[in-house]
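Colleague: Quick paste of what TrEMBL says about this protein:
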- 28-102: domain 'Polymerase nucleotidyl transferase' (DOMAIN)
């Protein structure tokens, strides 16, 4: 599955959001219900070596290994950098509340 990506690594929050919107149909093919951005990109604090942190909610019955890994590889190709994907069920009881307060849903 191809993506509409940039030639160089994604560098801004605006780039991330634009690319997620431009590739929404392909993203939904992985069973995604919604995606939220959190971490350094969401806070506009990303550095050249920052990864992209995404909170992903899948449609009921669509949280499969293939969908999770496929989405991860797709997003890494899309952004040209490492991507960390977490699901609401995988959130740590210590960091989860902060992530849920910070997350900005982009694909809903």
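The first residue you see is number 1, and the count goes up from there.
Glycine too: its Cβ is placed from the backbone N, Cα and C atoms.
Curation does not apply to TrEMBL; its annotations are automatic.
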Colleague: What is the number of residues in the domain 'Polymerase nucleotidyl transferase' (28-102) that are helix, strand and coil, as DSSP sees it?
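Modeller: Per DSSP, the residues of the domain 'Polymerase nucleotidyl transferase' (28-102) fall into 26 helix, 18 strand, 31 coil.
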Colleague: Taking only the residues in the domain 'Polymerase nucleotidyl transferase' (28-102), give me the average pLDDT of this model.
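Modeller: The average pLDDT of the model in the domain 'Polymerase nucleotidyl transferase' (28-102) works out to 97.
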